Amino acid sequence: MTTYDTRTATDTRGSEQPGHVGTASYDANAITVLDGLDAVRKRPGMYIGSTGERGLHHLVQELVDNSVDEALAGVADRIDVTVLADGGVRVVDNGRGIPVGMHPVEKRPAVEVVLTVLHAGGKFGGGGYGVSGGLHGVGLSVVNALSTRLSAEIWTDGHRWTQDYRDGAPTAPLARHEATSRTGTSLTFWADGDIFETTEYSFETLARRHQEMAFLNGGLTLTLTDERSSARATAAVDEADSDPTAKTVSYRYDGGITDFVVHLNARKGEPAHPSVITIAAEDTERLLSAEIALQWNGQYTDSVYSYANAIHTHEGGTHEEGFRTALTTVVNRYAREKRLLRDKDANLSGEDIREGLTAIISVNVGEPQFEGQTKTKLGNTEVRTLLQKIVHEHLADWFDRNPNEAVDIVRKAVQAATARVAARKARDLTRRKGLLETAALPGKLSDCQSNDPATSEIFIVEGDSAGGSAKAGRNPQYQAILPIRGKILNVEKARIDKVLQNQENQALISAFGTGVHEDFDIAKLRYHKIILMADADVDGQHISTLLLTFLFRFMRPLVEEGHVHLSRPPLYKIKWSREHVEYAYSDRERNTLLERGRRDGRRIRDDSIQRFKGLGEMNAEELRVTTMDPDHRVLGQVTLDDAAFADDLFSVLMGEDVEARRHFIQRNAQDVRFLDI
């Protein structure tokens, strides 16, 4: 049951939330300095990944992560984020407040040290926090360094305190104000437009991440408010009882990750068992806790998402490994004990068992070992041990206490295994390029001459006629063409044997060379740029969605690593004269070009304005100039910032729930991107 609670939170200092490991002392002595702030403004990408839209939103997340750390320590239960009318962002929590006492080494207020010195904070040296997220503890100082202004307001030690910063440096000493019993921190920053490509925040992006954080921190209320004009503030949050035109959304899930699983499974049809299985354990000596929630549904793909200290570890790690190992062991043992597998039958594979499984794995680790600066894979071996132990014990017990549901789960896995055996020959489609050239590759593939995947690209083109134009208009040195004919399978409604028997899917798998699912190997990818090129109408968008669903469900790393792109063919050809031709990619752009031309005194007949009904209406030269030539084409890279959101979206668009799809279309009807005019 999803609930939204906007009540004012009470002071929770001194309390400990179940499953959250914290330490008691958090003052100036708890702040440890590891390094000075250096060159952040010169090389921002080293600290936040990019200076584009993703990096901009990362600044907000860094402040939110620090507030969430207070919740993990059991001393905060509310975070309010506001996008201000002037483009600033304010993050307020009701935690203990950043320490304001004099730092023993730096000889200045601790808050100033935290905001101006890289690697300074309560996350190091065991001070202040048992567990924490953030970008390796550099968050607050990096946000300050990449902002033109930052204002800090703190309620701690019985008073309100303030300090302002410009370009990362304080403009005045820390000021003490009136006495108060309130505690917490408010940080407001204005991102530097000279550093970032854009300073325009997406309400939808922020709302999705806030909802995710609320799921991962049961009982924590996160509120997002947008004070910009309504034209710029669109809140397309994914909740049926949220107003998509509202400027304020609030998330609170007292069920935590159990509610997360219910939310994800809501679009996936009838669950295989009514209740969500929940597992929780804590090791206080090693500052380690774990929560797991799982439930099977009637779908054919799995949705397993793991988090460490509230950070999505999309590459998995030891927590996922421990979970998967124990899950496979328990289900196979139960299947043998209950004679659901015969003696001669092979064990069920992990892939068989996870078919239709939705699971959230959330661990809090005192000393997390992440692989890479971006924290995408957890490496702590003790986490694997803990997860294996608790999943084995709790899941085996649940199976014993719920025999009917357990049998249904095992039978579903047995059916998946049968389908896997039937699809074994299709799985042999993964071949390297040398083999592909002599094997039964789809004859329709027009390969490129280059053997270098890094410089090669493949266009997946809808229809034979468009494929012919694309083949004639391509640069054969590095551009390959694969026309898609016939019916493209909706993989959201099909088991893997049916998916791999589909002729078009076979062609895609052969051409890419990577294999699918557990056989997937991105090192075998033959083209580092995969471009979906469909008609610029609703039918074309539907075909692109079918292809994206296939890639997301069976070749997700292609999306995660940025190899998938959508072409943007023009909608209109405007022929002013034989020598002067322009192309418009939308109705708005067509109108703008026509108005500008008429202002310049040019005339045009109605029959000189052509609306392309499909790619096949363009000749090879037009297709080359507008859609294929890297110097002129418009491409959109498909990115995956939120896998759980994408999972839910594909379930809505391509799944069995007609009512959810109708609701989604109604909510987004105001967005012109969904209209075929």
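Placed from the backbone N, Cα and C atoms, the Cβ positions cover glycine too.
When other Cβ atoms within 10 Å of the Cβ of ASP537 (Mg(2+) 2 binding site) are tallied across all protein chains shown, the result is 15. In the three-state DSSP assignment, the secondary structure recorded for ASP537 (Mg(2+) 2 binding site) is coil. Under the heading Mg(2+) 2 binding site, Swiss-Prot lists ASP535, ASP537, citing sequence analysis as support.
Per-residue confidence over the domain 'Toprim' (456-570) averages 86 (mean pLDDT, predicted model). Here Swiss-Prot flags 456-570 as domain 'Toprim', drawing on sequence analysis.
Here Swiss-Prot flags 1-23 as region 'Disordered'.
For LYS487 (among others), the entry in Swiss-Prot reads site 'Interaction with DNA', with the evidence type sequence analysis.
When secondary structure is read from DSSP and collapsed to three states, ASN490 (site 'Interaction with DNA') falls in the coil class. Residues or ranges marked as site 'Interaction with DNA' by Swiss-Prot on the basis of sequence analysis: ASN490 (among others).
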- Residue counts (helix, strand, coil, in that order) that DSSP gives for the domain 'Toprim' (456-570): 57 helix, 21 strand, 37 coil
- Take the C-alpha atoms of ASN490 (site 'Interaction with DNA') and ASP535 (Mg(2+) 2 binding site) and report the distance between them in angstrom, rounded. 18
- The one of ASN490, ASP535 whose CB sees the fewest other CB atoms within 10 Å, among these recorded positions: ASN490
